[in-house]
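According to Swiss-Prot, the active site, schiff-base intermediate with DXP annotation covers Lys106. Under the heading 1-deoxy-D-xylulose 5-phosphate binding site, Swiss-Prot lists Gly167, Ala193, Gly194, Asn215, Thr216, citing sequence analysis as support.
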Amino acid sequence: MNKDFCIKNKKFQSRLILGTGRYRSLLEAKQSIEASGCDIVTVAIRRINADNIGFIKSLIKLINWQKYWLLPNTAGCQTAEEAIRVANLGQEIAKQLGQVDNNFVKLEVIPANKYLFPDPIGTLKAAEHLVKQGFVVLPYINSDPILAKQLEDIGCSAVMPLASAIGSGQGLKNIDNIRIIVEASKVPVIVDAGIGVPSEATQVMEIGADAVLINTAVAQCKVPVAMANAMRLAVAAGYEAHSAGRIPIKNYARTSSPNFDRIGQI
């Protein structure tokens, strides 16, 4: 059983991706990343501003970038044009960290601040441009099977459908659509946003998702380091369960012990 997780030609061992936002302290963020066992860490490039630049710079310095792969993301970008600019900035930051061959980007185009649903047209437009530039594009999308296929067709290296509204902890509101995306996709499906507890991470892995991205569920819980470890175990369990193959669902009962050679029949 091949346990490696591949995006484009890059192999990763962990199928859990961890975000770096909303932690209460640098130490908590660093310890959570370590406890998660992740290989990929995502950082919101657009949200590096005067208020948090010290935190982000310090976090970047704390992380061993020879061990972790940076996934720059364009969170906070409201248009395709803005997302394209931020993607290029993220690529430069990756190079400065020594990852000269890192052209990954988690593409987010979100025009409204209240519900934070991604713009499908803006995402498609930005993705097409970035793919032509040579980026490994991982678009964050609503759980729309048609859009997921269109993004795959233009050359995106993965798709990232949301489970529910980002940061909401509402869980798996769109599980049926995600299942369709998983069944139809020839690129990795990474479920992102809305997952609140480890059992939900396990469930999406059980239906065949390739990986899960978690941020708020870890960063904002009572004990982030413990939750990061729980998510690590949950994702691994879900992957193993899917690989093992569940039993068929039946409409009737069936005993687990044999009916022959029972006491009284011997």
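Keep in mind that glycine also has a Cβ here, set from the backbone N, Cα and C atoms.
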Identify, among the binding-site residues Asn215, Thr216, the residue whose Cβ has the fewest other Cβ atoms within 10 Å in this structure.
Thr216
How big is the gap, in Å, between the Cα of Gly167 (1-deoxy-D-xylulose 5-phosphate binding site) and that of the residue listed as 'active site, schiff-base intermediate with DXP', rounded to a whole number?
17
Within 10 Å of each Cβ, count the other Cβ atoms, then let me know which of the recorded positions Lys106, Gly167 comes out lowest.
Gly167
Do you know offhand how many angstrom separate Thr216 (1-deoxy-D-xylulose 5-phosphate binding site) and the residue listed as 'active site, schiff-base intermediate with DXP' by C-alpha?
17
About how far apart, in whole Å, are the alpha carbons (Cα) of Asn215 (1-deoxy-D-xylulose 5-phosphate binding site) and the residue listed as 'active site, schiff-base intermediate with DXP'?
14
Whole-number Å value for how far Gly194 (1-deoxy-D-xylulose 5-phosphate binding site) lies from Lys106 (active site, schiff-base intermediate with DXP) (Cα to Cα):
17
Using a Cβ cut-off under 8 Å and a sequence separation of 6 or more, which residues in the same chain sit near Ala193 (1-deoxy-D-xylulose 5-phosphate binding site)?
Tyr140, Leu162, Ala163, Ser164, Ala165, Ile166, Gly167, Ser168, Leu213
DSSP-derived class (H/G/I helix, E/B strand, else coil) of Thr216 (1-deoxy-D-xylulose 5-phosphate binding site):
helix
Where does Lys106 (active site, schiff-base intermediate with DXP) sit by DSSP, helix, strand or coil?
strand
In three-state terms from DSSP, label Gly194 (1-deoxy-D-xylulose 5-phosphate binding site) for me.
coil
An 8 Å radius from the center of the Gly167, Ala193, Gly194, Asn215, Thr216 Cβ atoms defines the neighbourhood of the 1-deoxy-D-xylulose 5-phosphate site; name the other residues of that chain inside it, in order.
Gly19, Ala165, Ile166, Ser168, Gly169, Asp192, Ile195, Ile214, Ala217
Please report the DSSP secondary structure of Gly167 (1-deoxy-D-xylulose 5-phosphate binding site), reduced to three states.
coil
By a simple count, how many Cβ atoms lie within 10 Å of the Cβ of Gly194 (1-deoxy-D-xylulose 5-phosphate binding site), its own Cβ left out?
22
Compare all C-alpha positions of Gly167, Ala193, Gly194, Asn215, Thr216, the record's 1-deoxy-D-xylulose 5-phosphate binders, and send over the largest distance in angstrom.
9
